[in-house]
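Encoded as structure tokens, the structure appears first; notes follow it.
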Amino acid sequence: MQNLLHNLNPEQLAAVTLPAQPALILAGAGSGKTRVLTTRIAWLIQTGQVSPAGILAVTFTNKAAKEMMTRLSAMMPINTRGMWIGTFHGLCNRLLRAHYRDAALPQAFQILDTQDQLSMIKRLLKANNIDDEKYPPRNLMYFINNAKENGLRAQDVEAFDDFNRRMVELYALYDEQCQREGVVDFAELLLRTYELLSRNQPLREHYQSRFRHILVDEFQDTNNLQYNWLKLMAGTQAAVFAVGDDDQSIYAFRGANVGNMSAFEREFKVENLIKLEQNYRSHGHILDTANMLIANNTKRLGKNLHTDAGHGELIRIYEATSDLQEAQWIIEEAKSLIAEGSTRNEIAILYRSNAQSRVIEHALFSAGIPYRVYGGQRFFERAEIKHAIAYLQLMDNPHNDSAFLRVVNFPTRGIGARSLEQLQDAARQYGISLYAAVPYVTGKAGTSLGAFVKLVESARFETAQLPLPEMVQIVLDASGLIAHYQNEKEGADRIENLEQLVSAASLFVSEEGFGHDAPAQLGPRSEQTAGPAIVTQDGVEILDADAPLVTVMSPLSAFLSHASLEAGDNQAQAGQDAMQLMTVHSAKGLEFDAVFITGLEEGLFPHENSQKEDGGVEEERRLMYVAITRARRRLYLSFSQTRMLHGQTRYNTKSRFFDEMPEESLKWLSPKVQQHHWFANPKAAWDEVPESGANRIAQSMGKKNIGWRIGESVAHAKFGEGVIVNIEGSGSNARAHINFGRHGMKLLDLSIAKLDKV
Ligand code: ATP
Ligand code: MG
């Protein structure tokens, strides 16, 4: 025990050993919040105040949950497998599996990821003859998720006009369809659990008395439903221990509500508010930079951060002429870090938007440097993997229409649009799934659909007794997927990925404790052994305290939910020493010796979308604060004059964030005079703009366009004075790239924008 606590400072120690009462730990980045939370779990268990089963801990990502488990096992000899540590989604999945009947779900219910959800919505619109221009599928998806995140079912949403009324109707239809197919989306996992526990008193009381301690990391990013879920789980007895940092609230765009921190303080009557002010992660210059930047935000709860680590190195800033050159610079710097002895795992390259990674990846690849991308195209989201998973889903739950439609004719087996229409009509007529409707289709269509059903059935039958990895292997072959990609020109990569799915299944069964020879399809172990996993209380089936996943679902069901929930972890490469590439959002909570923050340009970071929204720039600044505070020793910032994004070349000015950092902590690697040269010398700008079609058009027009010339100074009501850097298009389609200095480069429609000559 001494061991457990002796590495803590007095405030951390106080936090770890607080009595069992509601507590809020409010502290800046790198101050040890996550460490305090983990240590508290260990301390509570070691001092005998609670058994591992009495702990409910919520983390922000699956990766974080895993890390917490690993740290706990290192601190003390306990089996963490039965512990309830996970994300909101993961924990809800677990609860719903245990109580699927009470939650009115089929035992093998499946989870829709965002991609599946969108395609389901598209199908729904089509089936109901709804104009998808008037009701864009994505908007409907946001509408539904938003309602769910506020705890509202379709019947609870008050429609204020016809359009809205239609949206609400579609929401109701969508929920019906999900129920028919036995699938739930991410928000549904939470809402369903919430409703289950609100409605079912014995169940609620069981969990409320079981979880004496509820601990939540990254509390600032909880949304309303998650907060209410926590309140429900806590009841009146549990000690909720929340840690968070209002300066790192970066998910407002997804409904996170930083106001939950003060709501928590008020509603739980928190008397234990602890602030941690010592930062253990970063050297002085890095911390000073983060502190000074975030001081520009107005809405803050207020706290300080200091370090004993000394100033360390200056922050290195590089201005590139193009994104390619930026990537090249990163590689040179990374190489010298590695030459100095840094491991690749300890170097992270962060970007604001996923689209930026392509150029960097290409440069790393050409330089032969191993790298790993988090969160981009995730393993479980790749098309070939989704196809394989769809076959497995159908074997587990044939009524999943999304899975059915994904593979009924993939690889092609002569089932055309017309056959599917017939099938969909039959399904609608009888109110059943597509799979169930197959016998109602006659003729040639019926024969080929019947053959598909037979394929799925025999795969299910033949693999019922086999372990999961073997089942996956057989399905890859029997489905025709492997053969299909063998015939495809660039199919080799895809086949490799499919083979990785077999390895992923292997790894999964051993990590979850299913045992390598457990049959993939047979139900939960508890049902086979009637062991102590299920106890009955007031006629309600209750999952016993330490029940791990193996006791509540089959390996196949468990693996499929893992595929939907853990899409982010690319485990196949986990062991390799590789540079880490990710968006700033996915870097939350992590730390690295060296961090590159790239693309620090107006319009990219801060992102242009943020400038339209209230408080948008403040959220971007918090995001920048998160990015900076990931670094331990070295921080590199870069921006580029030009960047190719989404097929267009953008001309950029450096991010406003540079003006908000302490000059004495910065080291400019490129001559500073370059920074505003377009603004100062428009002629030079013209000469340097890369040759593009638009340029040539402008040139051939004598650099003239409805009265405007490149290089001309203009004034705009909102952006002030600027210089036209380029003109593209002509007549009423003419648009100009105008450098407005402080406001950055804007692309304005010349027939609309109100510009004056200066
Ligand atoms: P973030 O806000 O980024 O999530 P955090 O507040 O959760 O950060 P941790 O990740 O828990 O911070 O801790 C940051 C680093 O400081 C970790 O490497 C941790 O091990 C280390 N650390 C925390 N407290 C101490 C301490 N008392 N002594 C030494 N190192 C510490
Ligand atoms: Mg943390």
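Backbone N, Cα and C define each Cβ position, glycine as well.
What TrEMBL records for Ala27, Gly28, Ala29, Gly30, Ser31, Gly32, Lys33, Thr34 is ATP binding site. Taken from TrEMBL, the feature domain 'UvrD-like helicase ATP-binding' applies to 6-283. What TrEMBL lists as domain 'UvrD-like helicase C-terminal' is 284-589.
With a cut-off of 6 Å between Cβ and the nearest atom of ligand 1, the binding-site residues Gly28, Gly30, Thr34 reduce to Gly30, Thr34.
Checked against ligand 2, the binding-site residues Gly28, Gly30, Ser31, Gly32, Lys33, Thr34 give Lys33, Thr34 as the ones with a Cβ under 6 Å from it, listed in sequence order.
Taking the mean position of the Cβ atoms of Ala27, Gly28, Ala29, Gly30, Ser31, Gly32, Lys33, Thr34 as the ATP site, the remaining same-chain residues with a Cβ inside 8 Å of that point are Asp245, Leu276, Asn279, Tyr280, Arg281. The Cβ of Lys33 (ATP binding site) has Ile25, Ala27, Asp217, Val243, Gly244, Asp245, Leu276 as same-chain neighbours under 8 Å, each 6 or more residues away in sequence. Here Thr34 (ATP binding site) comes close to Ala64, Met68, Asp217, Val243, Gly589: these same-chain residues lie at least six apart in sequence, with C-beta atoms under 8 angstroms from its C-beta. Using a 10 Å Cβ-Cβ cutoff, Ala29 (ATP binding site) registers 23 neighbours.
Confidence across the domain 'UvrD-like helicase ATP-binding' (6-283), taken as the mean pLDDT and rounded to a whole number, stands at 92. Reduced to three states, the DSSP call for Thr34 (ATP binding site) is helix. Counting every protein chain shown, 25 other Cβ atoms lie within 10 Å of the Cβ of Gly28 (ATP binding site). Within the same chain, the residues at least 6 positions away from Ser31 (ATP binding site) whose Cβ sits under 8 Å from its Cβ are Leu276, Glu277, Gln278, Asn279, Tyr280, Leu305, listed in sequence order.
For Gly32 (ATP binding site), the count of additional Cβ atoms within 10 Å of its Cβ stands at 24 [all protein chains shown].
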